[in-house]
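Listed in TrEMBL:
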BINDING   164, 165, 166, 234  NADP(+) binding site
DOMAIN    4-119  domain 'Tetrahydrofolate dehydrogenase/cyclohydrolase catalytic'
DOMAIN    138-289  domain 'Tetrahydrofolate dehydrogenase/cyclohydrolase NAD(P)-binding'
Ligand SMILES: Nc1nc(=O)c2c([nH]1)NC[C@@H]1CN(c3ccc(C(=O)N[C@@H](CCC(=O)O)C(=O)O)cc3)C=[N+]21
């Protein structure tokens, strides 16, 4: 069993990005600038957004955090987005999800200028990705591709079972891995909450991407020997014995699955840190693309 070390790989990536930023600055060009909009005070969302700001500092980007109260109207949020769209100093920005229930997520994502959409969630970028055209790839799937590539996990011709069909992970993951590209050329099955006989499918999988958001759902009996396991889940589970009062659980029951797997991502320290590194990568690309 080989751990796919997202923490180490993301640190490597951020060093590479920091080098590129130094180069940009030495040529007197503009420093990359990422902005993030956070609506409300959800604990996990605040953790992730703060991690993004910290990563910006590390690689030498400028960053702006726009913190809005939970009760912010959809109209006000759309106005904030319009300001970022028009601000020439901002290369890319994200609107942290999930949004409060009174705000229409689709409407918000469609308001982001696709050229600044470093999350890759705008329909234009989703369409471009699907058609193999240059686009911003959504950070989590992009990070998984990067991990598979750097660890030389064979994907060509392999059967990948993606569990979960979300717009931010499962669906794009399934599209990307079926494409002709590094970490692609796979045969992909998308499973979800209505799938019959899921275990029958996962037992056939060479690679399983667990992205359904149910802690420790995938257990050792559902996995064939030598499979590669990508755990996208990250849920805070109450645990009084922990300092913070919770522990982080993936969608994979690590202790039963790891002994059977060829490669496996841990939680924490797997896909999560890669997501942040790829957001930095997309912001660098956005800045370079503007020239
Ligand atoms: N517009 C938008 N873009 C996103 O990319 C986005 C989002 N909304 N909403 C929520 C999800 C989730 N996400 C994570 C990022 C980093 C970690 C991460 O670094 N996790 C650490 C642990 C962090 C902790 O201590 O909680 C790890 O896995 O090692 C996890 C999850 C980005 N997301």
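Cβ coordinates are placed from backbone N, Cα and C, and glycine is handled just like the others.
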What's the longest C-alpha separation between any two of 164, 165, 166, 234, the listed NADP(+)-binding residues, in angstrom?
16
What number of additional C-beta atoms lies within 10 angstroms of the C-beta atom of residue 234 (NADP(+) binding site)?
19
Please work out which residue of 164, 165 has the most C-beta neighbours within 10 angstroms of its C-beta, and give that one of the binding-site residues.
164
Taking a cut-off of under 6 Å between Cβ and any atom of ligand 1, tell me which of the binding-site residues 164, 165, 166 pass.
none
Residue counts in helix (H, G, I), strand (E, B) and coil for the domain 'Tetrahydrofolate dehydrogenase/cyclohydrolase catalytic' (4-119), per DSSP?
61 helix, 19 strand, 36 coil
Per-residue pLDDT averaged over the domain 'Tetrahydrofolate dehydrogenase/cyclohydrolase NAD(P)-binding' (138-289) comes to what?
98
Who sits close to residue 166 (NADP(+) binding site): which same-chain residues at least 6 apart have their Cβ under 8 Å from its Cβ?
211
